[in-house]
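Trainee: My questions will all concern the structure given below.
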């Protein structure tokens, strides 16, 4: 009941806001919500850095529609309730014209209905679960979806690595993890591979030995762990301690320097699918990597690249819309075609998902090494 | 067969950690009749002190462990002095609510100081893996088991054989009477908190070493589970806490091994409900009628 009342209040307020004339002068505000602290801190920080850099570049060139852009970044600590509060605050109080939010699928699924209700464009840089953009026609993403990412890994494991049996260890508390596991399994079994064990854990657990002991008994040639780095590190360590020597693999949730630090040698020879590799020779990637390193002193991971692309996509849409009216921004963003981003050429399909390629990264010598590019 | 044995080994390692935390719970309850909900957070504070002692100063593991235990004792005594002592004559529920408040305070204070991100614990004891006919055992599992048994024996000795232990038992039986006989209740209770906190800190450091991950909220779940372990064994009884810890650890691992890892956390609380219904005084506890 309380929730209904809240929703009602939000809709009333947002209708009220829509009626108000938009301020023409001053800055154009874009909101961003990321988990800058908490268990996914490196994800949130990378995204915030990437988005900030993109906006700074735009402002240096005079902004868009004759005004500068102001990026308002909120931290949600990877807590859905904090993210919801931040979204309401950004929309109602700060009156942002669009949102770049959130990193994870689970939290984006909480924020997206709020943006949809208020008819504010929400562009998530990194939420890969298919359900995210199904929330409504104001929800977009800058990354590929889990159907594709799961299939890419299944193909790679079955065809390139030639491993015919696999085990899956899923985080039951994460929509992202469940989605990836499902699509990996579908594709892998369709190719002729066999899933010999399926286990699960809750995010934030610290003891995975029971599940890993079961996986070990099933003798898989490959273990798929589509989780986030904070859990994957301890999982890899405990797996190696229990004597599981086969390669592990995962999705873009593995893309954090923290994984290499915690897991160390345990991560050697593992693979994960990702959105881009900083090793790419393309000019747009090289320029981005160089500028990012100059500004922040680290090599940008895929999250930074995606957030950078997301911010640029949004500015491009505002520019083509010729207005900060949210329905016009929405239409312009949906019409994006052949946008050259750091993470590939972006064209939105009818479901507001971009069609783009993925890369496979191998962990080798304590570093992320580019292994292959897979086109859709 | 090897798998079942392996799972039991996993369970014993987990159980010995629950046991260490449960010891502190049980001791404080035995003396003050207070369920110290901040105990799980003292465990976390201990882990962080150990983290800095081992990581920043590069001390040997044993020394780091001792420093963490001493540091946590001090924290425990401060909490007792400022949060619990002023409420000693207040209704028990006020004390309980204060304990929950202290728990939140410690968690958020730690988030403020070190941030909410998980950190990997310094690996000051390298892993040695022993393979006995397919059964995997690591030196860390053995160390954890030995340290917890050793600390339990030490605790039992302090409580049963020393003068301060005798005073603790006296205070637990009748505070006013103990006071009349010249026992300094304040210092006995402070000592109890120090001892319990030291054990929790030892648990924290061992958990850091074993799971290689610490963060400010790491004490919440183990704290609740250790509470269940203490109730299971009979709250207030030292060997009972140890027994409860082991049973709980093994039960949890066996459930995730043979039923489903999804219901793992539920097991502890199902056990709690059953024990409260069937045998409220715990496995080793004697049923005592409340005097009216």
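Glycine residues also receive a Cβ, built from the backbone N, Cα and C atoms like all the rest.
Here's the feature list from TrEMBL:
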- B:12-32: transmembrane segment (TRANSMEM)
- B:60-83: transmembrane segment (TRANSMEM)
- B:95-116: transmembrane segment (TRANSMEM)
- B:142-160: transmembrane segment (TRANSMEM)
- B:181-207: transmembrane segment (TRANSMEM)
- B:227-254: transmembrane segment (TRANSMEM)
- B:266-285: transmembrane segment (TRANSMEM)
Trainee: Spell out yes or no: are there three or more C-beta pairs under 8 angstroms between the transmembrane segment (B:227-254) and the transmembrane segment (B:142-160), with each pair 6 or more apart in sequence?
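Mentor: By the criterion, they touch.
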Trainee: So are the transmembrane segment (B:181-207) and the transmembrane segment (B:142-160) touching or not, going by 3+ C-beta pairs under 8 A with a sequence gap of 6 or more?
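Mentor: Contact confirmed: at least 3 Cβ pairs fall under 8 Å.
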Trainee: How about long-range neighbours of the transmembrane segment (B:60-83): same chain, 6 or more residues beyond its ends, C-beta under 8 Å?
Mentor: 38, 42, 45-47, 49-50, 53-54, 98-99, 101-102, 124-125, 147, 189-190, 193-202, 204-205, 209
Trainee: Given a Cβ distance threshold of under 8 angstroms, which distant residues of the chain, six or more beyond its ends, lie next to the transmembrane segment (B:12-32)?
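Mentor: Hits for the transmembrane segment (B:12-32): 39-40, 42-43, 84, 95, 141, 144-145, 147-149, 151-152, 155, 159, 168, 171-172, 188-189, 192-193, 195-197, 199-200, 202-203, 206-207, 210, 222-223, 225-227, 229-230, 233, 235-238, 240-242, 244-250, 252-253.
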